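Going by TrEMBL, these are the annotated features:
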| type | residues | note |
| --- | --- | --- |
| BINDING | ARG13, HIS14, ALA15, GLU16, THR17, ASN18, SER19, ASN20, ARG63 | substrate binding site |
| ACT_SITE | HIS14 | active site, tele-phosphohistidine intermediate |
| REGION | 69-94 | region 'Disordered' |
| COMPBIAS | 84-94 | compositional bias 'Basic and acidic residues' |
| ACT_SITE | GLU88 | active site, proton donor/acceptor |
Amino acid sequence: MSSRPQLHVTVIRHAETNSNLNHILQGQIDTKLNKTGREQAESVGRRLRKVKIDHIYTSDLTRSKKTAEAIAKHHPDTPVTTDIRLREKDSGRL
């Protein structure tokens, strides 16, 4: 019996923003990480530094890109793809 290749997917949510603290649904609004969020992003980057990562995918929103960049810093040869289709769902006007 032959061994089949396995795909492992790790999903990381963007780190904290002020909108998160204020319980504001950000959706597709381009918010930035706050101080705690920047620390969280750095922490997850350090935690994943020894994990084999073949590719990093992120939405084009700043909070997600900055989180992905903190991870990519520990994986300098890993390609990073930014894709608008990875944004949160557009809930329209609530």
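Even glycines carry a Cβ here, placed using N, Cα and C.
Note on the region 'Disordered' (69-94): residues 12, 15, 25-28, 38, 41-42, 44-46, 48-49, 53-61 of its chain, located 6 or more positions outside it, place their CB under 8 angstroms from a CB of the stretch. Site extent for substrate: the farthest pair of Cα atoms among ARG13, HIS14, ALA15, GLU16, THR17, ASN18, SER19, ASN20, ARG63 sits 15 Å apart. Here the binding-site residues are THR17, SER19, and the one ringed by the most other CB atoms within 10 angstroms is THR17. Excluding ARG13, HIS14, ALA15, GLU16, THR17, ASN18, SER19, ASN20, ARG63, which define the substrate site, the same chain contributes GLN26, THR31, LEU33, ASN34, GLY37 within 8 Å (Cβ to the Cβ centroid), listed in sequence order. Residue counts for the region 'Disordered' (69-94) under DSSP, helix first, then strand, then coil, are 7 helix, 3 strand, 16 coil. Long-range Cβ proximity for ALA15 (substrate binding site), meaning a same-chain Cβ under 8 A and a gap of 6 or more residues, is found for LEU33, THR36, GLY37, ARG38, GLU39, GLN40, ALA41, VAL44, ARG63, LYS66, THR67, ALA70.
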